């Protein structure tokens, strides 16, 4: 805690632009737009000066507002920069540019004001009040006062927003504040005189910090008090007001009547707790119940129930097809009963509404209550009406004994009633077909519409006019019609129809004997119900499967049309590389377009044609490149910079850089300034081409020049290779021979002669092409000598002489003697040829330091010698994937790039709490129990990266690897951190935006000269230390972070930096950075290091300052690193009304930092993400999407595709990333188009910043209900009329959890979050406000997915319990006589298999994979996954999802689970796995296993092994997956020694009593209590339901007791009641022993033994007596265990629910100790198969193979890793 008050600001500290000093030397200030915006703010003019304070000449409009209304000075400075930057950026984008660029253009201001205050004006028109923005309506040129007035309104709004703290989550409250303050502003501007005082009007709130203290604080305190009422989120949602309730209070006019202005703190709005007349919930009450699913998505359930009813009626009639059955008049009339059901469901819905929402009704909202009652009454009325009319039909028919005219008339009457009943639905249908009418009507605030819609849905501010355009409507309607048609056809023929016959059979079973006492002696209805239950459950959920199948194929089709996956690997890139340069030019470089040409149909058509040409290489675009130097240079600069970032990231080696880069000439050095006539493609593409050309030349020895050249030119690369080799050879020979020597002129002459003959097309006539291979061989020798590190001049001379000999003697067709040669200038002129050999003194090799020259020579050598096709370059898979994706994306459709100056500005925002920033030395070195350190693990998994890293370090001067732990430790830590999920990785990735923008700004304005200069710098990729003029203590790798590294940057003219700073800023919200600094936490140092090396990085944090005794003040602070002052400086410090975190942590953290972001867009990036330089180049294209219409709206969120980068760590991580990848690509693609329901699923999405700023921020933050905070931004966006799109030409990296426990925690978090969503108002409103088909899409892709997962688990339960009932009751045996029953079984089986085959999860994965990587690859991947037991994993995670989802809806208890982002090479102990999965998986699996066992013993059907296997195989698979899953995916899971240790550890944990402070990891008892937490917070109905569910455990006893020998076939109820004696006796004996142990075990041990002995004797006597006097069989002992153990568990489960009552009694101790025994028993049951597998040889190796296969295939010696035998050479 720092005591000091905030220090006064340094005058010169600024954030991005020094607006306070427009004469400062700052690159951004050279833009006239910036000066114009600042000048506009300074135009205070003749405004009345604020009283009570001195006015200074440098003050501007914001200071004026601050003095009047009491805003904080820091807030004013922050918003001043915000406003100036925004207006300047907007003015830069104006086209055509304004006439006078030194003044602010009125249209810019008007557009901004409309955009910013749009929500406010909507709110005014909704409440039917007059807006307080007073501007003249005339479209004529605004007067300057109007201009100023507009600026004042905008500034006022921004100042309010900037200081509202947590109120930013309640946007309409901000509207209310703005409305009143704008009124006061108007009064000041209009010079009102205050009636009471007679002096000029002064605002009701003014003075220092008045706005914060008088307006924000009271409302903040109310929110805080409500949050305190929530008891840390455990109180029911209906008991306290969350952010949404506070906000919706301002959706009615009562806020004006009650709260008044200035705010009346006595108003009932501010009353919290249980005192008096408080406001209570507004708009919606979140009640915890499964019925929410029915309430929110009633249309869906009504459809399913009505179809089921109709299908059963039709199917019942007979075996023939449904259309035949429907010909019968009786069937038709019976089908009309669906309307009864419909009316009944409506009645039920209205009752649910009353039950859940009654607490909304108060004195102020009476009409709501009236509506609820009326709806219920009307629905009941319809049931009666239908009843009366329907009975009249049958009465008439029975009277007439047939369908007479009178009867038919009655049918017509009934149908007339139906039409009246359906009128609203028909109207809705009409409006569905004409969506724009509906949008128009809903958005108009007419009284008529209010009245009309009042009946159907209460009028609310959001959720109006959500219809999409007609075309989109048609697309998603067709999709759903197809899905529903398939589903209903399948359901009728495969599910319902086959069940009819066995149902009839069972109904006809007469006088049949049950094996037990019959409770219901009506008929076999229970059996029939149980037979139907699984079928009905599946009928209700299988739309999910059909959706999955259809969406996969639709997604693939959309992907194909988007041209995804056309370039999948390096070979395909090779084929297209020639057009690639033009694609970069077309997409990434702005084109100068005429102003009126953009966006017209003609220009769009031209674009389309151009793209086609590019895509398929029509019109050979690369020919243009050779003629256009500037384009070629731009391409080379961009491509080389990309390759260079690859090298910095160590994903390619130095050698690969040379193979991949485009070489550039260095004009400064004549030796390496080689003019080459063709484009020098990367070596990678030219490999082998020259050798092929040579062999062609040999084959076509006598062919004329033309033919030979035509053959060679057939491949573009071959032509280039030949010309480049020739030119390079010429330059090379000239470069190594002294300048003024005779030999040089010989070489010159020789080449001139060749060129002459080539021009005359007589090359083959004069030269012998058969000699070319010889020349080739000699040349290669020469190049090898030149490239050797120790160069031997004599050998070089010899090689040159040999080459000369071949060229003169063999190559020339006509032999010439010496004199002729001299004459032609091809031999030395000196007569005494004997003195000095040719080339003897003429050779002079350039010095070894001339890197550029030798790079050229190496390239020439590669072109001449490479034979392999270089398919494997680059070697690194990640590098290949990135190049392939980038190149492919440039052939996809994307908007044109504007110039950097004209692009939209944007920010990136990352919330951070206390995760890793940079791995420390200890983290890298510490070894786990198997002797594996994190660094060693990384070295083996990223082996090639590690080699490249060492190579780079050696190049930078490292001599031995020991230096990595001393002088180069920072480099090592960075290398490791860039491979984990750390903040430094995220920051590096996001700062690529800055680097890309600087480079693009340079290219936008660079002339050909600049290009050449820039390119030659790139050509010599030297990292000599002299280039790095930074202080020596900064390690060379820090340059990879800083802006000094970009090799283009050497040629920047200075404005690039200014442009980039204006367009991009990166804010990391490090919430606790302040306290980290105070504690000297290393994290703080590392964050400072990141700021130091990244110019555009800012850190926002919350500072707590003690003021007075127990009081603290809270500040939102923004800091940066000042390069001039060489220290961290504080830029802004905005005081907060209180502690930041009232709701969920992450959204609160985002919200406090949002005021420091800039620009039109903000990209939300999480702490586990990464970005790539080549993707950053496309950002300005992406931002242009905000200007395009998608459907009838422009986008407000641009969805971006993610790449999961953690897939290579282990097979588990691979399954997770495969599942996730298909979701973030294919899934999102379908949601955005055609379904139009993509929400926001977190992370790399780009938000329209001002749109969200004024509508509640980037996420919602209420406690618990918004635990999945991200998706609520999407809900909010859709409800408020936004539009979410998805773009796949740009991607962002993302990490995922990699260990099973992390993954399960993540799944649990997401599932609980979905459970909470179901209760939320957002989901309810979307379910009602979206049209039917979008509602279906919405349901099945959000909460429905989790609900259906839970249904699958329930189906297995229902199926098995049903079989158990049939077996134990004897119905199964009786029905077996009839063969029909088997058909019913077959039906259920079909269902079972469909689901469990996991098609559910696998299909989208396979389809997406085949789209992007090819069909065979996808199938191969799928098979590999199956072999690695992925289905076990998917089945296991299905259990996790179902469990947490169901539990959250029933009892609540959702909490944020920090999953950790580490690497998992550790073995997790058995006790830890047991704690995590005992309740969600193990106990359930044991229950199912028990049912299957009992069924096997008692079912006549199961006697046939095959039948039993067929019936239960999928259920057994589920049981095995749930029990063994955690151990299969646990490193060293089947190691015998570890298993033994684990068991000891487990038993210690169980028996450890622990004190008060014991944690659940140490003591079983603590854990056991924690596992029941949800039962403490649940409501009454939650407890009742829990008890009802627990009653199932008593059924075992009921069913099995009658099968025991001792029962002797007696079926009376007494048998069951007597069996409880056994339970009581067992409990009694246990109590006696426990009592004896407590009393005697320690001191009088002999007594304790005596008691034990007596108990054993007693048991023996009882058993003997039973055997003697009753029909007791010895087997009965074991059978009865099956009966009584579940009973005990049932009792304990119920006792847990009743804990508040029982805890005070004696019984509780017994409950706890029996529960402990049960947990030991469960532990042993789970341990048994594990121990067996560990004991059998070979399983451990196999498991390691399965777990780490992916890494294995990269040659990972994991066997060493797991055993820990590290090679000594390693660090």
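Cβ atoms here come from the backbone N, Cα and C positions, even for glycine.
As stated in TrEMBL, the feature transmembrane segment covers range 1717-1736 out of the listed 1557-1576, 1717-1736. Per TrEMBL, the range carrying the annotation transmembrane segment out of 373-394, 571-592, 593-614 is 373-394. Checking TrEMBL for transmembrane segment across the ranges 262-279, 280-297, 478-495 points to 478-495.
Annotated range for region 'Disordered' in TrEMBL, selecting from 994-1017, 1018-1041, 1042-1065, 1066-1089: 1018-1041.
Between the stretches 1481-1502, 1613-1634, TrEMBL puts its transmembrane segment entry on 1613-1634. According to DSSP, the domain '1,3-beta-glucan synthase component FKS1-like' (148-264) comprises 78 helix, 2 strand, 37 coil.
Residues 479, 482-483, 486-487, 490, 615, 888, 891-893, 1225-1227, 1229-1230, 1233-1234, 1288, 1340-1341, 1394-1395, 1399-1400, 1403-1404, 1406-1408, 1410-1412 of the same chain lie 6+ residues outside the transmembrane segment (545-564) yet bring a C-beta within less than 8 angstroms of a C-beta in it. Within the chain, the transmembrane segment (1674-1697) has long-range Cβ neighbours (under 8 A, six or more residues past its boundaries) at 1487, 1490, 1493-1494, 1497, 1572, 1575, 1583, 1586-1587, 1590-1594, 1596-1597, 1599-1601, 1603-1606, 1619, 1622-1623, 1626, 1663, 1667, 1707-1708, 1711, 1714-1715, 1718, 1721. In summary, the transmembrane segment (300-319) lies against the transmembrane segment (478-495): three or more C-beta pairs, each 6 or more positions apart in sequence, are under 8 Å. Within the chain carrying the transmembrane segment (414-436), a Cβ under 8 angstroms from the stretch's Cβ atoms is held by residues 336, 339, 342-343, 382, 385-386, 389-390, 392-393, 456, 467-470, 473, 1192, 1331-1332, all 6 or more beyond its ends. Contact count against the transmembrane segment (478-495) (Cβ pairs under 8 Å) is highest for 516-539, out of 373-394, 448-466, 516-539, 1338-1360. Summarised as a single figure, the pLDDT of the domain '1,3-beta-glucan synthase component FKS1-like' (148-264) averages 94. Counting only same-chain residues 6+ beyond the ends of the transmembrane segment (516-539), those with a CB under 8 A from a CB of the stretch are 304, 308, 491, 495-496, 499, 502-503, 506-507, 509, 1351, 1354-1355, 1358-1359, 1361-1362, 1365-1366, 1368-1369, 1371, 1384, 1387-1388, 1391-1392, 1395, 1598-1599, 1602, 1611-1613, 1615-1616.
Long-range Cβ contacts of the transmembrane segment (1338-1360) within its own chain (Cβ-Cβ under 8 Å, at least 6 residues beyond either end) map to 293, 297, 300, 530, 533-534, 537-538, 540-541, 543-544, 547, 1227, 1231, 1235, 1237, 1239, 1271, 1311, 1314-1315, 1317-1318, 1323, 1326-1327, 1330, 1388, 1391-1392, 1395, 1400, 1438-1439, 1441-1443, 1445-1446, 1488, 1491-1492, 1495, 1512, 1514-1515, 1518.
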